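**Student:** Sharing the feature lines straight out of Swiss-Prot:
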{"type": "DNA_BIND", "residues": "807-862", "note": "DNA-binding region"}
{"type": "BINDING", "residues": "117, 192, 193", "note": "Mg(2+) 1 binding site"}
{"type": "BINDING", "residues": "463, 492, 512, 577", "note": "Mg(2+) 2 binding site"}
{"type": "BINDING", "residues": "654, 711", "note": "Mg(2+) 3 binding site"}
{"type": "DOMAIN", "residues": "52-240", "note": "domain 'Reverse transcriptase'"}
{"type": "DOMAIN", "residues": "454-585", "note": "domain 'RNase H type-1'"}
{"type": "DOMAIN", "residues": "643-802", "note": "domain 'Integrase catalytic'"}
{"type": "REGION", "residues": "847-867", "note": "region 'Disordered'"}
């Protein structure tokens, strides 16, 4: 097939200069063209000839190539697609230039509209000439009977990652003369959709031809059949009328909801509609739970009864959904409602201007309701400034003035809200039928859990252990129970639940678990939103019991503090602790004699083990439970985090804040636990996308680790980051929530890095004024200049095998009572060594020193390895 040459000449922009694309590398990428059937090849030839006539492509001899293919649309016509994924990987992506869809209720009430659509916007915007060879493709010839015809795009191709952003920037630049010529005109732009709005129709009639002329000069043409000139029109999926905005009718189909991808699309549509809907977030949770589980887009999902009921609520709400157009001369208010589980808010001016909802998946396991209201109010204030350019004059919340003062004194979120909002805070809602949906909910304010001990309340001490034994002490009586749990926190929660059910009178609870104390204090006015969490069910039961009982005071006492157990707050806790550890269970004469021996001689754990045929763990527990012996136990070294025995085995990662870096204050830090090599990235946030960016930068510099340990931050536990780790074949582990000791190595690295930034700033501030440069200098010092006791830097340790003891030992297999060795020591630890067992035969059946093995290992360094 030979294309016909055409001179029809697609006229690229007469004014606009093509924007160059930033590239990571200039190396050509060649992906061979896929095989196409004769039917598809014929369609490709026809579509390419059309693009050639329109001037969208040129013949090419580019060293780049990526495949093209065609798909048949429902109408029966073919669509040409270009697989540009390899090219997208080579380019630096532009940042977002538009934060989201414009809120149409911000359009003034009663103004006239003109709505237009730019025709073939991508194909009207030129590519920079130096970038065009990268977007080349090939039309294969049948049976290779002639050279293949090759072409490259002259305009923005579909499928290029930067095409949407470049389109927005290009059209925005083309509209600048219109904005300057008619400053009183409201002009909304989203991709290729444009809305003009003005109070006077004559002004629109003057602006419209000027707009057409300007767009034409930039090579942009409008679709004349889609122009809407009226006070009512369709724009961005909504019907805009003089006094209200109504979403277009959306049909929710249920027959195709079978996979995760189906639900992702459905929930995307619902999320787009949420500003129109007054449905509280809690009523949509059965739908958003479908996003959990298997992350593969084709993983099966089944529509449940609760999810179907949620869809029915959405359909019912859509029938009456509308937003009011704002009246510029009138003020508006922000109303925050006490809806079930999580609050709901609305910007109000004789009707809803914009519904505001909290995040469907909060970062915390327990959301305290008063804090959730303050956070949503702050979100509403930000939305008012963003979309309407001014703050509401009135904030309406479900709390009295006295309650607001109490919350401002005890809650950080309320303190920020009260000090940042200059208007009036009230609790009287407008009288309107739309707002009646929230009036049936009771005001959520803490009344059961008090902040001071109850003088007339009984005192109960609780404790739980990892053996599943939970106990509480009341009036000197010890009650213990075995639970089917192996987590001390879970057992402690179950014990507290048992106490709340048993003692209905005013109650003081003393627990040695700070986690449980904080949880109980939050649960009366909070909500657990993690159905996948094991503790969520227990929290819900505790919450139900709290809401139907007398006041409770719960406090924390530190266990094993070394203080005399005669102290009032410690005697009961000591009894509960002994009950969970077996200290109160000695009853037989033999056990009594053993206790006398223990309390008299205080011998070592090894002696107890040999004397009473105990295991090592049981013997050590006896020593640690002894009040006299525990004071003299060896203190473990602070560096108890698991470390890799060689580089790239175990990394730790965390985020610290350096306020002097400004917008780049979120400093992501990774450290290799074996070599100590450190990498840091100053970024603008700490979301999953920022964490992934840091990982890619760190791994490209120092290599990819096998295991990555982080804390339980929302970015690290997100589905997006978990999927990234699986794709990169990196095992991701998290530590205990709210326990930074599990990431002690990277926490110490934070302090070290900040120390060097401060020290070097004094000497190098004039030479290295930029934050990135000062950070690089600190990392260079830590990685390449600082040496250990052996004279090695972190970079040298990272790039070489760690030194191992050159020793051989014999060792005994206690299961078979046989001695083996001598075998080499891999690594020494405190009280133990790791030995590499060189077995007599290998997994391949060769003898240890056989000729076959010698042939297989020829040229391989003589280091221990598994065979």
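The backbone N, Cα and C atoms fix where each Cβ goes, and this holds for glycine too.
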**Student:** Can you list, in sequence order, the residues of the same chain other than 117, 192, 193 whose CB lies within 8 Å of the CB centroid of the Mg(2+) 1 site?
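**Tutor:** Close Cβ neighbours, site residues excluded: 116, 118, 121, 190, 191, 194, 223, 226.
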**Student:** Whose Cβ, among the binding-site residues 463, 492, 654, 711, has more other Cβ atoms within 10 Å than any of the rest?
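**Tutor:** That would be 463, with the highest Cβ count within 10 Å.
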**Student:** Can you count the other CB atoms that lie within 10 A of the CB of residue 117 (Mg(2+) 1 binding site)?
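**Tutor:** That number is 17.
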**Student:** Report, in whole Å, the straight Cα-to-Cα distance of residue 654 (Mg(2+) 3 binding site) from residue 463 (Mg(2+) 2 binding site).
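**Tutor:** A Cα-Cα distance of 32 Å.
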**Student:** Under a criterion of Cβ-Cβ distance under 8 Å and sequence separation of at least 6, what residues of the same chain contact residue 192 (Mg(2+) 1 binding site)?
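**Tutor:** Non-local contacts for residue 192 (Mg(2+) 1 binding site): 117, 118, 121, 167, 171.
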**Student:** Just going by other Cβ atoms within 10 Å, which of the binding-site residues 193, 512 has the emptiest spot?
**Tutor:** 193
**Student:** Can you figure out which of 193, 654, 711 (the binding-site residues) comes closest in space to residue 492 (Mg(2+) 2 binding site), comparing Cα atoms?
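**Tutor:** The smallest Cα gap between residue 492 (Mg(2+) 2 binding site) and any of the binding-site residues is with 711.
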**Student:** So, three-state DSSP: helix, strand or coil for residue 492 (Mg(2+) 2 binding site)?
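**Tutor:** Helix, per DSSP.
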**Student:** If I take every residue in the domain 'RNase H type-1' (454-585) and average their pLDDT values, what number comes out?
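**Tutor:** Residues in the domain 'RNase H type-1' (454-585) carry a mean pLDDT of 76 in this prediction.
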**Student:** Fill in the CA-CA distance, residue 711 (Mg(2+) 3 binding site) to residue 512 (Mg(2+) 2 binding site), as an integer in Å.
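**Tutor:** So the alpha carbons of residue 711 (Mg(2+) 3 binding site) and residue 512 (Mg(2+) 2 binding site) sit roughly 23 Å from each other.
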**Student:** Could you state the whole-number distance in Å separating the C-alpha atoms of residue 654 (Mg(2+) 3 binding site) and residue 193 (Mg(2+) 1 binding site)?
**Tutor:** 42
**Student:** Could you state the whole-number distance in Å separating the C-alpha atoms of residue 193 (Mg(2+) 1 binding site) and residue 512 (Mg(2+) 2 binding site)?
**Tutor:** 61
